[in-house]
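To start, the structure under review is shown below, and the notes come after it.
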């Protein structure tokens, strides 16, 4: 299927696109577009682990404001900008080098589906978790992450039904806000997040309100409207309601299972291991969404239940029934490691299969020699 995306965001169209068009000219023509995509992702990952090293349990900003060095915040602003730039120019570069492929599209969206949660998890270190005076509760973090992932899911569910990816306005805005937040933290210090800004509200409160407002009143209605419009024009990919809603079943069940674990956990797992738990949420979500992206690209039907849901259901049942006892944290650790390994393995396998099928290399523009 021919890739089609629509971008109507004024920030993107009038400010960012002209910047990307200048940056793209620097990129040598022999560089493979997937290399740009992947480099951006590696920077986001590296940055995430760097922040995790200084602030494993999301308390540094609240309890000991000097704990994360200033250079880390400035480095975060730099890596976020670079990843944003690379993610924005990879498609342009592919068209420039006439190397646009389904593999490139999947690579881009697949890594984006994972990066989305990593951006959010890195940002939580800025505002820190609730310590009675300032910060955000771990439950707010979980809801915040879920809303961002819900938004991501919506745009791909929409593409599954309409064949067009309407780029969500929230993407460019969130990237610019993230970069600004890191720069602000690096220059002024984390204290800026701990003083009320307006009417006793903190910056973090305003960001949460903005995010929820954007999602529920802008992104989601827009998705439904675009699907409705395609329905009227008779350009919908799926005729039945069942077919159209099928890709939502696994992500929603995933969310239900995770929320049950959060709410009913005997040891209050989210408060004990927020970083581990939220990372697991992001990885599991990314894998579920990658399946939807592949189905949408290959015009195949997604399965009703993603396989991750079965082991997850078992772990959640064992945890909330008290079967795990003191082993709940250990079980979360093992499950997180397995899910992450499975996701990486899945990505490598799909990449290999597609590169063989399309007769191209993933990270090089050289053509494969036909055997």
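Just so it is clear, glycine is given a Cβ too, placed from its N, Cα and C backbone atoms.
Because the structure is a prediction, the values reported are computed rather than measured.
What TrEMBL annotates here:
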type	residues	note
TRANSMEM	26-50	transmembrane segment
TRANSMEM	70-86	transmembrane segment
TRANSMEM	136-154	transmembrane segment
TRANSMEM	197-220	transmembrane segment
TRANSMEM	241-264	transmembrane segment
TRANSMEM	276-294	transmembrane segment
TRANSMEM	306-324	transmembrane segment
TRANSMEM	330-348	transmembrane segment
| How about the transmembrane segment (330-348) and the transmembrane segment (276-294): at least 3 CB pairs under 8 Å, pairs 6 or more apart in sequence, or not? | yes
| For the transmembrane segment (306-324) against the transmembrane segment (241-264), do we get 3 or more Cβ-Cβ pairs below 8 Å once near-sequence pairs (under 6 apart) are dropped? | yes
| Cβ pairs under 8 Å between the transmembrane segment (136-154) and the transmembrane segment (26-50), at least three | no
| query | Does the chain bring the transmembrane segment (241-264) near the transmembrane segment (276-294), so that three or more CB pairs sit under 8 Å (pairs 6 or more apart in sequence)? | reply | yes
| message | With Cβ-Cβ distances below 8 Å as the criterion, list the same-chain residues six or more beyond the ends of the transmembrane segment (26-50) that contact it, or say none. | response | 72, 75-76, 79-80, 82-87, 89-91, 93-94, 96-97, 99-100, 103-104, 107-108, 111, 114-115, 118-119, 121-122, 361-365
